[in-house]
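Residues or ranges marked as domain 'Zinc finger C2H2 LYAR-type' by TrEMBL: 31-58. Under the heading region 'Disordered', TrEMBL lists 142-249. Residues or ranges marked as compositional bias 'Basic and acidic residues' in TrEMBL: 145-170, 199-211. The compositional bias 'Low complexity' annotation in TrEMBL covers 235-247. The domain 'Cell growth-regulating nucleolar protein-like winged helix' feature in TrEMBL is assigned to 247-319.
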Amino acid sequence: MVVFTCNACGESLKKAQVEKHVMKCRSCQVLSCIDCSKDFWGDDYRNHIKCISEDQKYGSKDFQVKVNKGDVKQQQWIQRIQQAMEQPHIEPSLRSVLQKVSAYDNVPRKRAKFENWMKNCLKICSPCLLEKVWEICSTAAHSTASERENRSDTNDGAETNKNKRDERKDKKSKRKTSDENTEQNGENTEKQRRRKRRREENEQNTDEKSNKKQKRREQEAYDESPSLEGEEPASQESESSSAGSSGKFNWKGTIKAVLRDAPEDGLAVKKLRKKVLAAYYSFTGDSNYRSEEELLSLFNRKINNNPKFKILKDRVRLQN
């Protein structure tokens, strides 16, 4: 509740008591608020509805006021009564009553309580006058609320339109970004395909060159090696003649000769190896300097790297 001090006589007055005091104290021209120490000339005190609390006045610098929803609604209700009082079509009798009502800061907002408060505080008991005052106050309250709702709806509509525009812009920018990323990914994919194709071609060329070199080496080794005498080098006669001759052992010719005498389905790898190594030992005699592991490795290379020898499971036969 707001309390004023008369600067002429120093008496403390509630807001509802100021009007009677002014009629008694002829020197009263200025009123000072006890809480905020502000001076109010003439009828300016009527607009001073609520003042600072003791916590705000004597609290620290960091004190924050807690907003009371009831106080906010009460202040809005008093402001609506003051606005209704300023309307031009209001009767003088009603205007004077509204002035008395606006001087209080505890005016009820419900009709039944409002009428009881008018009877007790303002001593107004006329039902017709009570109804007129309430209609004016409630109409002002409803009109202010509808204006606020329309304003909020307008703001909400504007914000909604703005949000929709922002969403459309975001979608366009995202679509543009995704298209650019897709094009960039497509270009990167095409570059990767070209690199892979180039790498495969290089590997294929390298394999072909290595195969040609291997075939050339085998052909040179075959040309340098002497041919075996007779058509059956795997026999004892050819082995004895090979042992007496000089030069390198003909692995390819010996394997071919043994496979020619083999059945149509070929010869087992173990049997072929046994016969070929027997012919090798017969050919080299005491001049053999290779170990058994080296001979087995050499034999396996000869049958695996020659395209004329076909290996099926554990059998070897000549390729037609």
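Note that Cβ sites are derived from N, Cα and C of the backbone, with glycine treated the same way.
Remark: secondary structure over the compositional bias 'Basic and acidic residues' (199-211) totals 13 helix, 0 strand, 0 coil, with classes taken from DSSP.
Mean pLDDT across the domain 'Zinc finger C2H2 LYAR-type' (31-58) comes to 74 in this model.
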